[in-house]
């Protein structure tokens, strides 16, 4: 790798990295990783794979469209009509483009798409070859170059995005934030993320024990062809439980049966083998039990052999299977043909769907039975459903490929239908008109916009929530949303197993960041250095194995399997090998040199089971580890020195991987390596814990995800506290992105004076938390001063708040567009006038300009009009001509939210996709911290503001420092957030020392003792306690108080957004009860439990007032004779009950309107509730 003279400069021992050096060196390695990969690389790579490979593959895989008209029998002799063949070939994708209404294309910039509610998508073109074959003439080929077939939404910052590869300066000129990571789509102006979906790995054999079922054990294999549109077909091989439901319990032991796709009943396993053409018992057993010297296993198979004794020929077996699958009443030949089809095409398609795959399928089926028997005999552990090696994650690539495949199929179907019409009339057809470009464009747009993943027509089968609106509250919440994983298990299931933190998640998934409540443990987040494979072709590996003396299944004698090692590639058994040790070494060497084998391929050698499994598929989660050989890191000082200079010498992370110093290890392979936690473990010790290390962690703090990496000293907190902070960190206010002033987000909170924390973790620099922080370093005292901070509330310094402490601004955008609803109904922006407009509200319309929009800088308050819009009323035919109507228009303006006030910040008028006038208005309001607002430290210690005291009323130290925030001492003991206290100490040291404190987890260099000693060097109390003086009296407070700087966050939950009360107001139409919810000025529900309390109190009048007078009072007239509601005309005072012919005996009854409604609904179902008045 290096020249000889270069090697000479570095003495071998001198080049080793010592543990002390590693403290800094590991962060250089990690920085190089993030410089190259960023935080959303897994999204971008997956999308690029889709665009560059999958789309072309899907188009090529589609069979050519073959069309021919029906033969015409008009002229006597039958002439063969011409055949038309359409083949789709090379595809082209252009850069994202927008066609204005006048038809001029222009490149579309992402920010323009956001502001104008466009979709950021690129046009897709394809070459089509059209061949016309007429009898007696030579065929005529026409090439249709670059035919437009639809638009594909483009992921921001991917290869085909216009922002790809631009410098920070260029990005700023395009109004884009250089820190924005990309990895999302823009659909109709809103940003959408594709959440990675978890699924079980396909083509792998699992064996599970069945509880409470007729089977004791089941082996399953979800078989699926690589890159194919066919759905997965699962095959189950099960062993019946002892003493099953069968009648003859004693006669036959535990039989083994298979459940085949499209076959209704289960089929005895031996019959399946005979149907595959393996007839003699010995042949079959050779494929199941490789070693005949194993009496236990032979016994297990005996019952199955006895059961299938009646069927000895292949055709009889096929007939047996066919009669259980085909429609009843078809001939024997048809049944046999059907069974052959099922066995060839539907059973284990990943082994092969062509002819002559019987041997391979028999071997694979035999392997499944073998695994089942091993599990039944207790020689091999059962598989674990929650093991992360058995899981795959579907990212943007596979998800979009699944969608595009369906859309493309529909497109071809439409082309065929369109062309057939013309051909049947004997005409030629126009290809451009035959292609409905809307199918692909709208199909992809629909799924990305709604999150229903699948065909729009079958919306109920589709998965929901795959695509979500990108969370833009804080920068951390955006990053975290782009790295989220979702398990599609029903949220209502109370299953604990899939929600638990599994051992295999170490380093792949963050242990702290998961939501609380019903989705806990089902929604996860990627750890910082985890990466998801995009998949590569297995063909080079298969060719390599052929060369390296792997014996193919077709060519071996079954006896050879017993002592050889089986080789699986992507779950498919491809052959056996006699020297696995050497083979694995060669494969590893190739992967480390990145020769033939891509670095993300994983190879597992299971020594005990004699198997080598190689995986190249997409969606495996993996992470980089340092390679150790002979107890020494392969990473040397020279690599570190080159990385330090990486701005100048272009030496990057990729070079580390290429030089075989670092490699990617996935969850399955991680179980076969020996991992050292730190290079310190590799040092020669008296008693070595292990002398066979193969890999070493880069840094243990990389097991955390985005939100947990912001927590200082998370290893000193009780674990649920870290989980709480991970959720709250997403609600903190800060600067969510640097171009917020040119964006029109529906909601946005921006803190006035955010500060970077005094106490940071090393991981923060990769999350850009220093550039875009979300909080303020506040002086925090822990005391119960005046007692206004009980129950998690905090006392705040009023003077600090007046100086701008935690002040924030809140932006809300309103949007509206003109449109034509019909030929006589059109909407226009204008200032409505009371003379011509119907339905104008009692609101102030004077603030509008003549164009119907409000001007920037105007102060607006609840229910003011911000966008004036009218819609023309349709003319009524029955009106006489000449009579001019009073109203010609109806008002449909947009009003400010009732509970908000603010200043109009920005008004934007433009044209949208359809060319209609379209406007967005942004209103800003200043939010000053007040009593009831929510704050939190970075340790899950949340609290609301209980009271604000002026600075002169706050306690002060002898140096004259007053705290900004006072929290209650009771918040600490039971919650055990020691990290909070250490952060405060470290912050005190940092403020004195003038440098940033390091609070990275699992860091032995920093501990409480060291921080305390530093603090006492500066003349403070060892543990941060100080003497405080009472602000009211000036006397010394008897106890010492813990005080120091702590980083606090302001959360988005503010009193102004929650305060709500109502006296009278709008009611629902159906039951005349008050509306629900603050936005509709609704009432407060007096529920069942409140009602029960009042009944227990015996407060009857109060109860009546709440549930009747204050809700929906109503009066009805009731006939005294039959008790049914009577007809009453209150104007003429005439009352009658038609049924009883009674006009006199009628009473007035008061009852809730909802009760009257119920009675009438019952009457409609011919149940008569009679109200007998007494």
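Using the three backbone atoms N, Cα and C, a Cβ is placed for every residue, glycine included.
Secondary structure from DSSP puts residue 409 (DNA promoter binding site) in a helix. According to Swiss-Prot, the DNA promoter binding site annotation covers 409, on the basis of similarity to another entry.
Cβ environment of residue 1085 (DNA template strand binding site): 1076 lie under 8 Å away, each six or more residues apart in the same chain. Swiss-Prot lists 456, 1078, 1085 with the feature DNA template strand binding site, giving experimental evidence as the kind of evidence.
Long-range Cβ proximity for residue 942 (RNA binding site), meaning a same-chain Cβ under 8 A and a gap of 6 or more residues, is found for 724, 728, 792, 934, 935, 936, 1051. Residue 942 (RNA binding site) falls within a strand segment according to DSSP. Among the features that Swiss-Prot reports, RNA binding site is placed at 731, 841, 890, 942, with the record citing experimental evidence.
According to Swiss-Prot, the Mg(2+) binding site annotation covers 792. The secondary structure of residue 792 (Mg(2+) binding site), as reduced to three states from DSSP, is coil rather than helix or strand.
Feature annotation from Swiss-Prot assigns Zn(2+) binding site to 1119, 1122, 1137, 1140. According to DSSP, residue 1119 (Zn(2+) binding site) sits within a strand segment. Around the Cβ of residue 1119 (Zn(2+) binding site), the number of neighbouring Cβ atoms within 10 Å comes to 25.
Cβ neighbours within 10 Å of residue 937 (phosphoserine), excluding its own Cβ and spanning all shown chains: 28. According to Swiss-Prot, the feature phosphoserine maps to 937, an assignment based on similarity to another entry.
In the three-state DSSP scheme, residue 1052 (N6-methyllysine) is classed as coil. For residue 1052 (N6-methyllysine), the Cβ neighbour count at a 10 Å cut-off comes to 19, with all displayed protein chains included. For 1052, the entry in Swiss-Prot reads N6-methyllysine, with the evidence type similarity to another entry.
Taken from Swiss-Prot, the feature zinc finger covers 1119-1140, and the record attributes it to experimental evidence. For the zinc finger (1119-1140), the list of distant contacts is 1146-1147, 1156, 1159-1160, 1163, 1168, 1170-1173: same-chain residues at least six beyond its ends, Cβ to Cβ under 8 Å.
Ranking the binding-site residues 409, 456, 1078, 1137 by the distance of their Cα atoms from the Cα of residue 731 (RNA binding site) places 1078 first. Cα distances from residue 937 (phosphoserine) to the recorded positions 409, 841, 890, 1052, 1137 are smallest for 1052. Candidate binding-site residues: 409, 1122, 1137. Nearest to residue 841 (RNA binding site) by Cα distance: 1137.
Counted over every protein chain shown, other Cβ atoms within 10 Å are most numerous around 890 among the binding-site residues 409, 841, 890, 1078. The separation of residue 409 (DNA promoter binding site) from residue 456 (DNA template strand binding site), Cα to Cα, is 14 Å.
Spatially close to residue 1140 (Zn(2+) binding site) yet at least six residues away along the chain are 1119, 1121, 1122, judged by Cβ distances under 8 angstroms.
When the binding-site residues 1122, 1137 are compared by the number of other C-beta atoms lying within 10 angstroms of their own C-beta, 1122 comes out lowest. Looking at residue 1052 (N6-methyllysine) and residue 1078 (DNA template strand binding site), their Cα atoms lie 17 Å from each other. Residue 890 (RNA binding site) and residue 1078 (DNA template strand binding site) have their C-alpha atoms 27 Å apart, to the nearest angstrom.
In this entry, 456, 1078, 1085 make up the residues listed for DNA template strand, with the farthest two CA atoms of the set 38 Å from each other. Each residue in 1120, 1121, 1123, 1124, 1126, 1138, 1139, 1142, 1145, 1146 lies on the same chain as 1119, 1122, 1137, 1140 and has a C-beta within 8 Å of the C-beta centroid of that Zn(2+) site, without being one of the site residues.
All protein chains shown were included, and the count of other CB atoms within 10 Å of the CB of residue 456 (DNA template strand binding site) stands at 12.
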